[in-house]
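Asker: First the structure, then my questions, so here it is.
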């Protein structure tokens with residue numbers, strides 16, 4: 001049962017042993033994966049970066065699920081509920097509306113990519129608009145938005161390591177993380193997308209066991225859900241010493257309902273624009289695989305909702321976040337690990353930590369592969385080496401995946417993790433600005449490429465400016481303090497359309513609207529001036545291609 | 001690029017069944033469910049109502065999948081292809 005020592009203060013040997021054992025099993029699987037359903041050679045992006053584009057329903061389910069529901073979701077969403085209450089539950093509607101929204105566009109994206117050999121969203125934009133500039137913007141946005149996302153996986157992994165007692169200061173404090181990541185980097189290099197795909201089975205098996213035990217065992221131990229909600233409501237109504245207002249509530253308040261809605265909708269629209277989620281979709285065998293997955297994937301949403309509720313369980317259990325020895329601040333990401341540590345027997349806590357730890361590695365691997373694909377296809381091949389052969393491309397992507405991963409580690413080493421969470425926040429706002437060029441272009445080529453570029457620039461600039469203006473009263477930081485913008489602060493060139501309104505909104509959503517408005521205006525102008533709008537490589541039939549079409553492009557073909 | 005078989009589906013295929021995909025978006029109307037009572041298994045209404053919507057989401061997507069599967073999606077034009085060769089075709 002609960003150990004006498006406080007979590008995070010000393011080494012938990014049992015937990016650590018179970019964790020290391022499971023970690024080793026997973027690493028072996030990662031290396032073996034290169035031989036799993038392998039083609040003759042991995043020296044092609046279709047093979048290394050997309051696992052041969054032949055994953056069936058089950059593998060895709062684990063892969064996309066493993067990709068979208070990351071350690072960060074499992075650690076940070078409950079942490080948000082722990083700190084603010086109902087607002088943190090936005091993650092549930094977000095993942096419920098996600099699939100109905102992306103159901104049709106994801107199918108078109110799969111078809112056109114399969115027909116034309118596209119590996120990244122920027123490849124598609126390049127083909128659709130014949131504009132290397134627009135494609136470059138999309139590629140850079142993708143890479144920039146993905147990097148802090150990978151770093152956040154590390155934050156989740158480190159929260160677990162620190163709870164197990166590996167809570168050192170300085171560089172030594174990051175050493176366990178570095179070792180874990182080195183192993184990850186090596187098997188991703190060797191096996192490509194097959195590694196996370198295979199490991200995702202273990203990851204999800206572990207996570208499902210842990211969550212089901214947690215949501216049935218913990219409430220029964222702590223007096224039932226009704227009691228948990230009542231004590232949480234009590235705890236959240238205590239005034240925050242920094243603001244003097246209640247910390248949160250178990251229901252939405254008048255000011256954060258719009259925030260809840262726009263955050264859920266904005267996040268849902270953003271998710272499949274992230275290069276890594278598209279990687280999971282493109283790796284599948286055919287349209288029916290994707291369709292079945294869109295029906296089955298919400299199983300994870302149930303899990304996510306249950307996990308979010310663990311934030312309240314932690315409140316009731318009186319969990320105190322561990323102080324991160326590297327930064328000296330209380331790390332709210334440790335809430336769930338500490339809850340497991342104090343409430344579960346150590347051997348089971350070890351399994352739970354392994355679940356979160358492996359849950360961090362799978363998406364980190366997929367994300368680094370997606371970023372590497374973007375680099376290779378849309379920067380290296382486009383600007384540095386036009387005549388790169390498929391095997392040179394694969395080599396380049398392998399190396400890029402290493403660079404990306406160590407870049408993410410550098411984030412953690414040299415920047416306060418709190419800062420990387422802010423960057424992730426920016427990441428979401430940034431990736432949302434690629435929606436017109438990527439998602440809308442799947443349906444229509446009405447937008448002019450100049451309009452798309454102008455809209456992107458405006459959405460980007462305004463989105464970042466809005467995030468910059470938000471202070472965080474808790475950490476006393478003046479900028480990048482959160483993703484809730486009071487409408488009274490909304491300013492259009494100094495004009496405040498909603499003076500005095502405390503109603504909050506998600507800035508990414510506002511920036512996207514500005515992006516679309518500018519894109520429409522510039523498109524109308526460019527069209528009336530009859531400016532050339534690039535050549536479209538794609539054909540109408542490309543958007544409906546399916547796995548058994550007789551004229552389908554062979555996988556692993558030269559471009 | 002040429003080489004595509006003639007007579008294939010192209011353009012935007014609209015099936016009225018796709019409108020069902022809009023149903024789960026009703027979940028975003030928070031004033032409808034931002035209440036504590038009635039509780040089920042101790043969960044306030046706000047929470048169990050949203051859990052219920054997971055199933056609304058699943059059923060909506062499943063209905064669209066089943067109803068648009070294997071059907072010719074082009075109407076009003078002569079359909080020269082067997083249904084299963086068309087866009088949403090199974091197999």
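Each residue, glycine too, has its Cβ placed from N, Cα and C.
Pulled the feature table from TrEMBL, pasting it below:
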TRANSMEM  A:16-34  transmembrane segment
TRANSMEM  A:87-107  transmembrane segment
TRANSMEM  A:134-151  transmembrane segment
TRANSMEM  A:171-189  transmembrane segment
TRANSMEM  A:196-218  transmembrane segment
TRANSMEM  A:260-283  transmembrane segment
TRANSMEM  A:295-315  transmembrane segment
TRANSMEM  A:347-376  transmembrane segment
TRANSMEM  A:397-415  transmembrane segment
TRANSMEM  A:421-443  transmembrane segment
TRANSMEM  A:450-470  transmembrane segment
TRANSMEM  A:505-526  transmembrane segment
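So where do these features actually land, and what's packed around them?
Answerer: Same-chain residues lying 6+ beyond the ends of the transmembrane segment (A:16-34) with a Cβ under 8 Å from its Cβ atoms: 42, 160, 164-166, 180, 183-184, 186-188, 190-192, 194-195, 197-199, 202-203, 206, 347, 350-351, 353-354, 357-358, 361.
With a cut-off of 8 Å between Cβ atoms, the residues of this chain six or more beyond the transmembrane segment (A:87-107) that come close are 68-69, 73, 77-81, 248, 252, 256, 259-260, 263-265, 267-269, 271-272, 281, 287, 290-291, 294-295, 297-298, 300-301, 304-305, 308, 311, 439, 442-443.
Within its own chain, the transmembrane segment (A:134-151) has Cβ neighbours under 8 Å at 70, 72, 120-123, 125-126, 274-276, 363-364, 367-368, 370-371, 374-375, 377-379, 382-383, 404-405, 407-408, 411-412, 417, 420, 423-424, 426-428, 430-431, 433-434, 437-438, 449, 452-453, 456, 460, counting only residues six or more beyond its boundaries.
Same-chain neighbours of the transmembrane segment (A:171-189): 23, 27, 30-31, 33, 154, 157-158, 161, 195-196, 325-326, 357, 361, 364-365, 368-369, 398, 401-402, 405-406, 409, 412-413, counting only residues six or more beyond its ends whose CB sits under 8 Å from a CB of the stretch.
Using a Cβ-Cβ cut-off under 8 Å and counting only residues 6 or more beyond its ends in the same chain, the transmembrane segment (A:196-218) has close neighbours at 22, 25-26, 29-30, 32-33, 36, 51, 55, 59, 62-63, 65-67, 74, 188, 283, 303, 306-307, 309-310, 313, 317, 339-340, 343, 348, 351-352, 354-356, 358-359, 361-363, 365-366, 369.
Within the chain carrying the transmembrane segment (A:295-315), a Cβ under 8 angstroms from the stretch's Cβ atoms is held by residues 57, 61, 64-65, 68-69, 73-74, 77-83, 88-89, 91-92, 95-96, 99, 207-208, 211, 214-215, 218-219, 222, 225, 228-229, 231-232, 235-236, 250, 335-336, 338-339, all 6 or more beyond its ends.
Long-range contacts of the transmembrane segment (A:421-443) within the same chain, counting only residues at least 6 positions beyond its ends with a Cβ under 8 Å from a Cβ of the stretch, are 72, 76, 105, 108-109, 112, 121, 124-125, 128-129, 134, 137-138, 141-142, 144-149, 151-152, 155, 266-267, 269-270, 272-274, 411, 452, 455-456, 459-460, 463-464, 467, 480-483, 507-509, 511-512, 515-516, 519, 543.
Residues 129, 133-134, 137, 141, 422, 425-426, 429-430, 432-434, 436-437, 441, 479-485, 489-490, 507-508, 510-512, 514-523, 526, 531 of the same chain sit 6 or more residues outside the transmembrane segment (A:450-470) yet have a Cβ under 8 Å from a Cβ within it.
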Asker: Tell me whether the transmembrane segment (A:397-415) sits in contact with the transmembrane segment (A:505-526), defined here as at least 3 Cβ pairs under 8 Å among residues 6 or more apart in sequence.
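Answerer: No, the transmembrane segment (A:397-415) does not contact the transmembrane segment (A:505-526).
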Asker: Who are the long-range neighbours of the transmembrane segment (A:347-376) in its own chain, taking Cβ under 8 Å and residues 6 or more past its ends?
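Answerer: Residues 12, 14-19, 22-23, 26, 45, 48-49, 63, 66-72, 74-75, 119-120, 122, 139, 142-143, 146-147, 149-150, 153-154, 156-157, 159-161, 163-164, 180-181, 184-185, 188, 192-193, 195-196, 199-200, 202-203, 206-207, 209-210, 213-214, 274-276, 278-280, 336-337, 340-341, 393, 396-398, 400-401, 404-405, 408 contact the transmembrane segment (A:347-376) from elsewhere in the chain.
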